[in-house]
Amino acid sequence: MRRLASAVVHVVGGGAYVSIWTLAVAVALSLTVVSPAGDLPPDEAFDGFVVSLIGALVFGLLLGLVAVLERNIPTPRGRATAVLAGVAVAAAARPLVQDAALRAAGFPGDSVEVLAFRVATNLIVWLVTLSVTALVV
């Protein structure tokens, strides 16, 4: 367990947490597994895919900013802070962006309670998923 904790600390502060692989995983999962399109009837699936695409693009752009930040911060502690804060902001923004896009497309959005739950689950899911991806590659 110590080696795992050490590896996580190293990858989070190492300067290469956000890579082409973490971006690929983030976009792929955003468009499939964690997409709001699955909740829509088949005749509205294309609109759901567009909403998923908007969410994936915003998420990818925010993670791209995290990549730029982490590569330009000289200390491991500074990089780790930027990575954790940046991924948290990107993960929290994702359901908010998707909800806004759904509403703009004429679909009902989630209640505040559901949206808060989605933000919380996104924080956990994306921190774990991206960290595992960064550890593996």
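Note that Cβ sites are derived from N, Cα and C of the backbone, with glycine treated the same way.
Feature annotations, courtesy of TrEMBL:
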TRANSMEM  7-29  transmembrane segment
TRANSMEM  49-68  transmembrane segment
TRANSMEM  80-97  transmembrane segment
TRANSMEM  117-136  transmembrane segment
Folded-back contacts onto the transmembrane segment (7-29), same chain, C-beta under 8 angstroms, at least six residues removed: 56, 59-60, 63-64, 66-67, 70-71, 73, 76-77, 79-80, 83-84, 126, 129-131, 133-135, 137
Intrachain neighbours beyond the transmembrane segment (49-68), with Cβ under 8 angstroms and 6 or more residues off its ends: 17-19, 22-23, 26-27, 30-31, 35-37, 82-83, 86-87, 89-91, 93-95, 97-98, 101-102, 105, 107, 130
Residues of the parent chain within Cβ reach of the transmembrane segment (80-97), under 8 Å, 6 or more residues beyond its termini: 9, 12-13, 17-18, 30, 54-55, 58-59, 62-63, 65-66, 69-70, 73, 110, 115, 118-119, 122-123, 125-127, 130
